[in-house]
Amino acid sequence: MGPVTTDTPKGDTPKESPPSPPSGRTGTGALLLEAARRNMRQYGMLVALGLIVVLFEIWTDGVLLKPNNVTNLVLQNSYILVLAIGMMIVIIAGHIDLSVGSLAAFVSAACAVMMVEHDIPWVLALVLGLLIGAVAGAWQGFWIAYVGIPSFIVTLAGMLLFRGGTQIFLGSRSLGPFPEGFQKISTGYLPEIGPATNYHNLTLLLGLALLAFALFQEFRDRRRQQAYDLEVLPRNLFLVKCVALAAAVLAFTMTLASYRGVPVVLLLLAALLIGFGYVMRNAVVGRHVYALGGNQAAAKLSGVKDKRVTFLVFVNMGVLAALAGIVYAARLNAGVPQAGINFELEAIAAAFIGGASMSGGVGTVFGAIIGGLVLGVLNNGMSLVGIGTDYQQVIKGLVLLAAVGFDVWNKRRVGA
Amino acid sequence: MTAPVLEMRSIVKTFPGVRALSDVSLTVAPGEVHAICGENGAGKSTLMKVLSGVHPYGSYEGEILFEGSPCAFRDIRASEAQGIVIIHQELALIPYLSIAENIFLGNEHATRGFINWNDTLRHAASLLKRVGLDEHPQTRVADIGVGKQQLVEIAKALAKRVKLLILDEPTAALNDGDSAQLLRLIGELKEQGITSIIISHKLNEIAEVADSVTILRDGRTIETLDVKAGSTTEDRIIRGMVGRDLDHRFPERTPYEGDPGAHPALEVRDWTVHHPIDQQRKVVDSVSVQVRRGEIVGIAGLMGAGRTELAMSVFGRSYGRNISGTVLKDGREIGTRTVPEAVAHGIAYVTEDRKQYGLNLIDTIGRNITLSALSKVARRGVVDEHEETRVAESYRGSMNIKAPTVFEQVGRLSGGNQQKVVLSKWIFAGPDVLILDEPTRGIDVGAKYEIYTVIDRLAAEGKAVIFISSELPELLGMCDRVYTMAAGRLTGEIPRAEATQEVLMRHMTKNTR
């Protein structure tokens with residue numbers, strides 16, 4: 001996920017302004033410690049992700065980070081990551097959505113029927129699929145926000161409803177294949193342009209552009225924070241951070257560029273991460289979602305339109321579930337009745353590993369991606385070294401427990 | 001003098017980064033009612049947590065002697081085994097269990113793991129009789145009022161064969177009638193040989209019920225005063241708590257002399273609100289009130305008078321059903337059906353329950369302050385975080401919110417500072433009319449004074465202020481005019497010149513039905 005770390009959304013504190021440490025501790029190390037303490041969960045998971053990557057890189061004799069496998073990793077996990085972004089927002093708002101796997105299947109089935117049986121152009125099918133997701137989300141959001149039925153119940157009903165709908169649509173058939181354009185959503189890469197180098201030129205350009213943009217942002221943020229007299233990282237540390245950022249972006253770019261370039265899905269994911277990260281961190285509506293999850297009564301009495309925000313959160317989840325279903329169908333090149341089974345659980349696990357809290361009000365979109373990647377790398381790595389799916393489940397279960405357990409322990413240590 | 005029942009010697013308790021108790025000694029004589037006073041953060045609650053084993057032996061320095069022998073409590077159970085029981089400010093009862101089940105929770109009358117119900121009910125009934133609570137032991141706790149719940153807590157303590165009863169702000173949530181009953185009960189328990197320690201902000205209660213009072217300030221024992229010997233006035237206690245003479249408990253205020261011809265900033269006419277569940281019941285019954293710019297108007301009333309219900313129903317119909325009546329702003333009728341609508345018309349409501357309805361405790365000071373008017377620091381739906389921080393910092397300064405930065409979590413602040421955050425939030429919204437509901441509840445004397453100053457400043461800036469309070473001196477000290485309510489009706493409107501505690505109380509207890 002190197003290319004998109006620029007817009008690291010943070011749940012509670014602006015990026016380079018770790019709140020000033022208690023007076024008396026102003027050294028560089030103390031400042032770093034303070035920043036680390038405050039973002040323990042996020043940094044903790046980032047470090048954990050790094051360790052897992054290193055572990056499997058060694059264990060698989062370097063296969064894990066081979067260009068084709070990295071690309072594969074992105075493709076394999078794309079739909080879970082899409083879901084995890086939406087799920088994180090739902091959980092921040094203090095809700096849960098159990099229906100996303102079924103809804104993804106339902107939308108993929110609907111798209112399959114439209115394209116294969118009715119010859120509807122794929123672009124239209126895509127738009128209609130997203131629309132179906134929005135309507136389904138609105139349906140659930142209505143019951144949750146305006147009628148007041150707990151989201152657990154509504155989406156449990158939705159889980160059955162949409163799964164049943166999928167089976168009504170498809171019976172036991174698999175519908176495919178799809179038009180090439182539709183398949184490209186999951187299997188396409190950016191086109192080759194320019195002179196023949198050993199690398200994918202457009203990817204390199206994109207990587208460089210991203211690097212420039214990221215560094216520009218970093219410097220601009222720092223300048224603005226200084227202008228507002230906010231605490232900033234000391235100059236040398238800031239430079240270290242920039243170098244690390246640049247290295248990560250370049251390494252990731254080179255890896256992708258030496259295979260087939262940037263997959264279309266990765267662009268999609270990057271757009272979602274940056275877009276939703278920005279909305280959740282900087283937009284008024286994002287702030288309202290956090291406030292609702294943190295204390296619904298207080299938010300309501302502060303003039304937050306609680307019902308509408310909750311409704312929109314579920315509409316958004318519906319659209320993202322539809323998108324995940326489309327990406328999945330495109331990758332499979334068929335609509336199948338058993339699509340999307342357990343997706344909701346993977347997405348929920350990703351959100352909690354990535355720092356969400358059961359009671360709402362906490363978490364970041366970036367965290368959801370990290371959580372999703374932890375699961376994804378585990379899946380991929382364990383498959384590469386030949387661990388069976390039986391043991392994979394056991395290990396993933398323990399990782400989820402450990403991640404949330406660590407968080408609970410850490411909060412108690414800091415808080416009480 | 002007899003040997004003390006409890007002695008705490010030189011207790012020191014530190015938390016990471018904070019020294020909560022730096023040298024506290026406390027001596028309690030057997031069979032007395034001993035009050036502990038101090039500003040919030042003075043260390044009262046921490047001291048009681050040390051005593052009851054919440055902070056286990058070894059996590060503090062100093063020694064505790066109970067009935068002459070040293071104590072080393074590992075947890076609450078250990079202290080309860082010795083007969084030391086603490087009743088916390090937030091009651092620890094399970095609402096959906098019966099009174100009897102609550103009384104013996106964790107202490108059940110059981111043989112081999114199975115509860116003996118006959119024994120339980122009989123014993124519960126006798127305990128209820130002892131605390132003077134006329135309820136059946138099988139009544140659900142959710143179905144009785146807070147005052148009665150407090151009595152259940154005491155019955156629960158009695159079931160544990162309490163010798164030393166610790167009450168943390170026992171009357172904070174009670175009305176005057178229930179408070180009086182509770183204080184009477186504490187007196188009765190004293191007759192039976194039970195020693196009590198009471199933490200309270202209500203100094204008149206201390207004067208009434210306590211034999212002696214120990215004053216804490218900044219984690220130290222300042223002094224112990226003998227109340228029964230007389231000459232210990234409220235002002236004397238306050239002087240010990242704040243360490244300075246408080247000749248003015250309220251800021252000097254020039255009474256409002258507005259233009260009576262102008263339209264009131266806010267006028268509520270014939271306002272009637274029904275109970276959300278029991279829809280036959282009128283919680284507010286054809287009430288009409290008005291407030292002018294620059295004026296501070298008080299609303300006095302006992303529990304159940306309908307003050308909060310009036311305020312919340314006007315503020316975006318946040319309470320009640322079948323609401324009727326009209327709201328006028330500057331003489332023009334306005335709609336206040338939703339909170340955003342009320343806010344748009346320049347009305348702000350500062351809740352009496354800041355933790356539940358006022359703040360997002362897990363979020364930062366800054367984000368709490370801007371929440372009700374986010375658009376002011378946003379452009380095209382995007383929050384300018386730098387501007388937000390700047391705004392929040394300015395309130396941290398002007399409201400004297402004690403925190404290192406505005407990135408501090410609100411949940412970590414003391415009650416007084418949390419209240420300042422709630423006030424900042426609504427001042428930032430820029431209202432014309434502020435409805436303040438118990439703005440000084442549960443905060444210490446020093447912070448109260450600061451809040452009074454802020455309210456005074458708001459009125460001087462031309463805002464209309466409605467001040468709901470249960471503390472009569474506060475209303476007398478601050479308001480230009482005081483409305484009184486009883487059982488949902490308006491029972492009086494008293495100008496500053498005629499208002500005394502006796503007059504207000506007479507109107508507040510007027511039976512209108």
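In case you wondered, yes, glycine gets a Cβ from its N, Cα and C as well.
Listed in TrEMBL:
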- A:1-28: region 'Disordered' (REGION)
- A:43-60: transmembrane segment (TRANSMEM)
- A:72-91: transmembrane segment (TRANSMEM)
- A:98-116: transmembrane segment (TRANSMEM)
- A:122-145: transmembrane segment (TRANSMEM)
- A:152-170: transmembrane segment (TRANSMEM)
- A:199-216: transmembrane segment (TRANSMEM)
- A:237-256: transmembrane segment (TRANSMEM)
- A:262-280: transmembrane segment (TRANSMEM)
- A:309-330: transmembrane segment (TRANSMEM)
- A:350-378: transmembrane segment (TRANSMEM)
Leading contact stretch, A:43-60, A:72-91, A:152-170, A:199-216, A:350-378 vs the transmembrane segment (A:262-280) - CB distance under 8 Å: A:72-91
Segment-segment contact (the transmembrane segment (A:122-145); the transmembrane segment (A:309-330)) at 3 or more Cβ pairs under 8 Å: yes
Cβ contacts the transmembrane segment (A:43-60)/the transmembrane segment (A:350-378), at least three under 8 Å, sequence gap 6 or more: yes
Closest-packing stretch to the transmembrane segment (A:72-91), where packing means Cβ pairs under 8 Å, from A:98-116, A:199-216, A:237-256, A:350-378: A:350-378
Within-chain partners of the transmembrane segment (A:199-216) [C-beta distance under 8 Å, separation at least 6 from its ends]: 3-6, 189-193, 242, 245-246, 249-250, 252-254, 256-262
